[in-house]
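Working notes, structure below.
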């Protein structure tokens, strides 16, 4: 009897040792599995859970990203260009500093609103710059660019319907809220390149570096936009964004100098993103905006 009990105990111990390791593998159809274990002495009881991700859910997730970019770009253009239209139609009631403040504030608010959903690009140049640095998938670039241009065009159409601007005639000419160079094309291209470089340099610093204060990313980006509009607005309109220029141009049918507002912002943001990457002194992996670690979080953990 004692021998049988010893054999049974030894067998139980062997089974307990064999059950210590649990392997979880993902199935080929998109399902994922995890395990939960409870320990009693040397025995481990493992229970596996499997969660299947339906392709329809993955498709809906991608659609939500596109929708966030459309809505974000729409409200940004509607507020920013709307301030321009209201200022023109009311004889300067908003004032130029007020226009700068509107652009900066609306960008700040929208960054805080949808950055955790789509990244809050709202700008084809920013999307392309992120892709060149490996922070955004190239296969998603076309859908993002289309969404941003669509949002800008919809906002421009809304402003045209509400205020009657953007068309022909004296009133349409007066209320045009697109971007046109006040000086030469070379001057406009150079200035758009510099302010786009500056914008993307700031975005790369506050929104993608895991050592930055991530909670202040929206404030920093919005302030940068306001500063750029303040000193470059009278010369070029301070576009920094091909979608911001293409939307009003397509609605009004005015394409003079539009190539400047496509080529200069794209080249400027790409150079700005790479310039910051050269200054980055860390071997840690790059993180998405939603997962950005910050100085404030690290300080709270230390305390």
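Including glycine, each Cβ sits where the backbone N, Cα and C put it.
What Swiss-Prot lists as region 'Disordered' is 1-39.
Annotation source Swiss-Prot lists compositional bias 'Basic and acidic residues' at 17-26.
Only residues 6 or more beyond the boundaries of the transmembrane segment (66-86), in the same chain, are considered here, and those with a CB under 8 A from a CB of the stretch are 93-94, 98-99, 102-103, 106-107, 110, 113-114, 117-118, 120-122, 143-144, 147-148, 150-152, 154-156, 158-159, 163, 165, 175, 177, 243-244, 247-248. For 66-86 (among others), the entry in Swiss-Prot reads transmembrane segment, with the evidence type sequence analysis.
Summarising the annotation, Swiss-Prot assigns transmembrane segment to 91-111 (among others).
Positions annotated as transmembrane segment by Swiss-Prot: 145-165 (among others).
The annotation transmembrane segment is assigned in Swiss-Prot to 188-208 (among others) on the grounds of sequence analysis. Listed by sequence, the residues of this chain that lie at least six past the ends of the transmembrane segment (188-208) yet keep a Cβ under 8 A from its Cβ atoms are 115, 125-126, 129, 135, 181-182, 214, 216-217, 220-221, 224-225, 228, 232, 235-236, 238-240, 257, 260-261, 263-273, 275-277, 286-287, 289, 292.
Here Swiss-Prot flags 212-232 (among others) as transmembrane segment, drawing on sequence analysis.
Residues or ranges marked as transmembrane segment by Swiss-Prot on the basis of sequence analysis: 255-275 (among others).
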